[in-house]
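Trainee: TrEMBL lists 13-338 with the feature domain 'RNA 3'-terminal phosphate cyclase'. For Gln104, Tyr294, Leu295, Gln296, Asp297, Gln298, the entry in TrEMBL reads ATP binding site. Look at TrEMBL and you will find 184-285 tagged as domain 'RNA 3'-terminal phosphate cyclase insert'. As annotated by TrEMBL, active site, tele-AMP-histidine intermediate applies to His320.
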Amino acid sequence: MEGQRVEVDGGIMEGGGQILRVSTALSCLLGLPLRVQKIRAGRSTPGLRPQHLSGLEMVRDLCDGHLEGAEIGSTEITFIPEKIRGGIHTADTKTAGSVCLLMQVSMPCVLFAASPSELRLKGGTNAEMAPQIDYTMMVFKPIVEKFGFKFDCDIKMRGYYPKGGGEVIVRMSPVKQLDPINLTDRGSVTKIYGRAFVAGVLPLKVAKDMAAAAVRCIRKEIRDLYVNIQPLQESRDQAFGNGSGIIIVAETSTGCLFAGSSLGKRGVNADKVGIEAAEVLLANLRHGGTVDEYLQDQLIIFMALANGISRIKTGPVTLHTQTAIHFAEQLAKAKFTVKKSEEEEDASKDAYIIECEGIGMANPHL
């Protein structure tokens with residue numbers, strides 16, 4: 001097998017945890033032994049962090065694989081995957097490391113398991129530098145399910161920076177193959193809604209201020225739609241520690257979903273947090289794409305595995321997306337093209353079509 005091992009440079013392009021997630025998931029799915037070097041080489045704290053480690057260990061466990069070099073601060077790992085199995089799999093970052101990122105690495109793998117899976121993921125549910133769990137539920141889930149599978153996500157406990165302590169349970173059944181997707185028609189915005197939350201000791205007024213500031217910001221640009229952002233206090237038995245934040249989702253006539261979100265931080269006033277989320281949403285509505293900048297890269301691995309040609313229209317292609325494409329091509333041998341959208345309505349916009357000929361991965365167990 002030694003000759004078949006795939007070598008990945010963890011320091012190129014995005015140069016962070018994302019390379020690790022994409023390459024280990026594909027290694028696990030394709031049965032390719034993998035070595036990743038220069039992991040997070042350019043980061044202020046190079047090497048594996050607790051969150052990356054728990055993701056790696058989870059993938060190892062769900063395929064009974066062999067993992068070397070997996071410790072905090074390590075910049076090189078070797079992974080030899082075996083057969084993917086269903087059942088109950090647990091991952092705990094023991095920090096505020098994101099449960100959503102744990103889901104990103106494990107979900108593609110268990111789709112091709114022999115039996116249904118339950119993923120018990122512990123860490124931060126609403127953490128910086130990662131999708132919030134509300135984004136995963138409100139935007140990622142309905143869109144990714146267009147690939148022809150369903151999953152169930154149960155938020156047992158919310159966890160925030162720096163304590164973590166959150167837990168979600170994801171349940172899903174395996175598929176024979178994934179269907180390709182075609183998301184090229186954006187339609188018009190029909191609804192804007194969201195949630196502004198506080199947890200722990202923070203007063204509800206903070207959530208109300210975030211929501212009100214966000215609504216005012218959106219109204220300046222979109223006048224004819226009712227913007228429904230609910231301020232809420234997370235219940236004590238479902239939230240660990242203190243936190244606040246907001247997510248706003250726009251839905252279109254063709255079922256496209258876009259989001260803007262932001263988390264409260266010490267010393268940042270609530271209005272500013274609300275406005276930031278609103279501005280991110282508005283920016284994602286201007287480029288004419290059918291997915292927002294956060295969904296782009298999360299769809300690449302599914303497009304690469306699907307049975308047929310997928311197309312998505314996006315705004316400017318992010319570094320994360322370019323990175324995911326690079327490794328999907330290197331490891332899975334999927335074929336991607338990215339070109340400027342030539343449709344008339346996009347002439348003045350920065351819109352692109354990402355097309356992929358998927359490899360038609362088939363589940364060997366079904």
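Cβ atoms are placed via backbone N, Cα and C, with glycine included.
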Trainee: Could you state, as a whole number of Å, the largest distance between Cα atoms of any two of Gln104, Tyr294, Leu295, Gln296, Asp297, Gln298, the listed ATP binders?
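Mentor: Across Gln104, Tyr294, Leu295, Gln296, Asp297, Gln298, the widest Cα separation comes out at 13 Å.
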Trainee: Calculate the distance in Å between the alpha carbons (Cα) of Leu295 (ATP binding site) and the residue listed as 'active site, tele-AMP-histidine intermediate', and round it to a whole number.
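Mentor: One finds 10 Å between the Cα atoms of these residues.
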Trainee: Taking the Cα of His320 (active site, tele-AMP-histidine intermediate) as the centre, which of the binding-site residues listed as Gln104, Asp297, Gln298 lie within 10 Å of it?
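Mentor: Near His320 (active site, tele-AMP-histidine intermediate), where near means Cα within 10 Å, the binding-site residues are Asp297, Gln298.
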Trainee: Using all protein chains shown, find which of the recorded positions Gln296, His320 scores highest when you count other CB atoms within 10 A of its CB.
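Mentor: Ranked by Cβ atoms within 10 Å, first place goes to Gln296.
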Trainee: On the DSSP side of things, how many residues of the domain 'RNA 3'-terminal phosphate cyclase insert' (184-285) fall into helix, strand and coil, could you say?
Mentor: 37 helix, 37 strand, 28 coil
Trainee: What other residues of the same chain, not counting Gln104, Tyr294, Leu295, Gln296, Asp297, Gln298, have a CB atom within 8 A of the CB centroid of the ATP site?
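Mentor: Once Gln104, Tyr294, Leu295, Gln296, Asp297, Gln298 are set aside, the remaining close residues are Pro131, Phe140, Val291, Leu299, Ile300, His320, Thr321.
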Trainee: Measure the Cβ-based neighbour count of Tyr294 (ATP binding site), defined as the other Cβ atoms within 10 Å of its Cβ.
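Mentor: Taking all protein chains shown, Tyr294 (ATP binding site) has 21 Cβ neighbours within 10 Å.
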Trainee: Over the domain 'RNA 3'-terminal phosphate cyclase' (13-338), work out the mean pLDDT and round it to an integer.
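Mentor: Mean pLDDT for the domain 'RNA 3'-terminal phosphate cyclase' (13-338): 97.
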Trainee: Which chain-mates of Gln298 (ATP binding site) that are at least 6 residues away have a CB under 8 A from its CB, listed by sequence?
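Mentor: Gln104, Pro131, Phe140, Val144 - these are the non-local Cβ neighbours of Gln298 (ATP binding site), listed in sequence order.
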Trainee: Provide the number of Cβ atoms within 10 Å of the Cβ of Gln104 (ATP binding site), excluding the reference atom itself.
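Mentor: So the Cβ neighbour count for Gln104 (ATP binding site) comes to 23.
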